[in-house]
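Report on one structure; see the data block that follows.
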Amino acid sequence: MPSSTASSEDAPITSTAWMNWKDVFLKCVQPMLAVVLLLRFSSIVDEAGFTTTIILVFFTFLVSLVTGWSACTVVSRKSSEVGFVKTMLAYSSTEFAISFSIIYLFCLLVATSTFLTSAAEAVLHIFSTFSLELLDGATHDLRLVSSVLSLITLALCMVRNRNARFVRTFIFALTCIAIALQLSSVMFRYGEYQLRRVSDRNAMIPSPPNEEISTIFAQLFPAAMCGLTILNIGSKLQNTAPRGALIAIAVSACFYGAAAMLDYVEFFARTSTSNSTGSAEYNEFLSYIYTTVPMAIVITLACVLSAVSTLKYAAVILQSLGRSNQCRCILWLAKGFGERDIPIRCLLLLSTVQILVSAIGSYDILCIPTTVFYLFAYALFNFYVFLVKLSDPEIPSPPTLLSLAISAACFIASLYTNRHLALFIASIFAISYCSLLYIIRRERNEDGEECPKSMYSSVLEQMHELQQEPDSRRHFHPQILLLSGSPAARPGLVDFAHSITRGKSLLICGYIIPKISNKVEQPMTWTEYLMQQSPCSRSYLLQLKIDKQINDWLRAREVNAFGAAICCTKQAEGANILLQTAGLGRLRPNILMLGYKTGWEKLSKESISEYYGMLSNAFDKQVGVIIFRNEASGFDVTSSIRKNGAPINDDEDLAEYVDSATPKLADQGSQKKDVPRGKLLNTFRKMSMAVNKDLESGGRRSTSSSTRFQVIDKHSISEPDQKIIMAQMFRFRKRIPNARIDVFWLREAGGLTMLAPYLLTQAGSFLEGAHIRVFTKTDGKDNKRINEEQKNMAAILRKFHIDSSDLHILPEFSKPPCKQTYDEFRAKIDKYKVETSSSGEPVDGSFDNNQIFNLREKTRSFLRASELIREHSSDADLIVCTLPSARPEIPSPIYLGWIDMLSRQTPPTCLVRGNQVSMSALRLKFP
């Protein structure tokens, strides 16, 4: 039931059915209501009194609620795991996970015996109503009936039931009807069954006295056995599934509180059943049968259904333990049978043990070990959550002190209920934990020195082999140097670059740490003081700190990239240094990628010259260049992630240095002029894995790239901007179904213009499976020239497995651009225009009439291309266009005006320029 293994209720392993919160609610609430509420609760109220009962109910469900809250947190963070053991292994250390799984296995085993014993008591109640006895009318009859029910439960676990969900819903509906009739006093209360309890005759252990508070608490606490149920369900959970477990606990608590209240004010009709043997009238006897026998049947069905669930849970856990490397002694139990991997051996073994446990006695006896086992398990789980919360306070688990208090209360309650049994359980956990800790440490001591050494030497040897590989065997791999600044400030830009590399080629996130100025006369922070100075030992220490944080953030976001931070006073020089020094051997970047500089027309000449210098240096080094623009929302999210205009992270000094204030290379369409610069390094760095696995249409799981989703604490972002920020952060992570990429091949400047969109259509990209359309221009007007160019382009497309029918040759390129387009272009660059001087060339960042006249043909071509892009591709999901070449004779304002016009008012646009190597010279290797 809970796992993909041994699931007679769920769909097959290959099914894409997902469990929503309603399914989880039914799995959790069924055992919490049927057993105690209908079987023992009225006697508990009579013996303990109203006040004591309310206190016990409050404590019981408080423990269950806090434990369920922690369990939902674990499932939300590790929802990709299947089953209880794998989820615990992913969340905790190996020794604790295995030891805790052993304790929880005993809990489920005893709970199964308790459920079947309760069902057997209900069956015996029916027999006693008709004065029937099988053996002795006492414990022997109970053992016989529970054994038969155990065999039925075993058969149900092995037989697949396609309508299990409907059966569960039907039995839950019957249980709710029985509870409603009981609470409304339409029927006689089945709770008066206390007069029909099974005799202690032939019992191994006599029932404890009912007047003791520990006995009453032990009879009540099995109602809270489902605090950890959600950990068994596995990865077939929708995002709202944890809600079902918490709702089940809350609903059960309301039922028990209402029952105690109604019992106290005597809303129920009380009818003695002790004298209904032969002296009562016949009509009264029939009325008694009609009111109690259906209730007993409902309890029997509910208990058997709960036993089926717990037995499956236990079998799957035992099978998982057998498959773990730490429990090789039970390897023979790991084998599964059939397509659904049913753990038949585990089921047979556990059923045998369960029958022996059920033979001990009735519910009044078995409820004590069940209570002690679950209390101890809850104490261990909440204490470990407390330790995890101390190490990482950002985890959305219960408050630290609350987890510690619940853990201590559970441990004390287990000792109070039965101290001998509690100490025995503690010894089981201690022995298993210490044994596993010893085994794991011994293995680490034996292999710990060899594994890192062998890994290092093998990787180094492979690097040498790669360096010495002959040219005839070398293939082109896109190795990207991304000038992202702080990756936490621009997660969308990093995600887009990772969609191209997908961990199969090199990706380096470069961060150039500049020297900042303190123009306002105010006290400087320590970080600002360091940045005022020239690069020195202290600034290098800060560089190492930032470099470590970048790599930690990349690892937490599951981006296969390396961080590279350097100290340099100028951005262009820093980019040039990174291009020359980043990487090792053959693993060196051959593509420079950066974001589009939004608002360049409002910046100074020095700023745009700095930006243009990075591009021209890349062209001089003959590496590919990619400029990515996301005009809709931009990349920089730090200016939006605010609380009342102040940084929300604690490390304000470092945040002001690490965030978007340096360097301004990405699109900042969402930036506001008066917003302070402090941002969110710590919030992004401490992002945790979440259950937010997007579902495609029809309930399908998204591609493997969706496993890289993360969440931010909802209180860390102002409410009005939360949706906008989340859309910016995950824009290039969510897979877009039926996507389309339009490629505008303006000229052959290297195969990168076609290679980049091809890589974006591969598995793991947000545009996986996208349709590619290619637009190109023709220089000739005759059909012969057009056909020749079409054949050349078709040959290029075949290399990328693109159908030639998706090629469109546009003769409209020869037309001049409209006046409005040209006026918009001139409005952007006129600020930087200077008068023509005979003394020499204009200063950097400006141009004169002669330069704009000499570049008139290129300007006309690019402006016309911008019009055609908006005409044909306004509804595309991504536009890839050839990037103009940045030559020294081209003024930076004119060049930035070209790329601005090519990418404005369009979907996300990727301007690409290859390394000037033709397609025929590139040795590309495709899957």
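In case you wondered, yes, glycine gets a Cβ from its N, Cα and C as well.
Going by Swiss-Prot, the topological domain containing Trp21 carries the same name as the one containing Asp392, and both residues are therefore on the same side of the membrane. Counting only same-chain residues 6+ beyond the ends of the topological domain 'Extracellular' (416-419), those with a CB under 8 A from a CB of the stretch are 214, 217-218, 368-369, 371-372, 375. By number of Cβ pairs under 8 Å, the transmembrane segment (346-366) is matched best by 142-159 from the list 96-116, 142-159, 213-233, 245-265. Using a cut-off of 8 Å between Cβ atoms, the transmembrane segment (96-116) and the transmembrane segment (395-415) share fewer than three residue pairs, counting only pairs 6 or more apart in sequence. Comparing 142-159, 395-415, 420-440 for CB pairs under 8 angstroms to the transmembrane segment (54-74), the maximum falls on 395-415.
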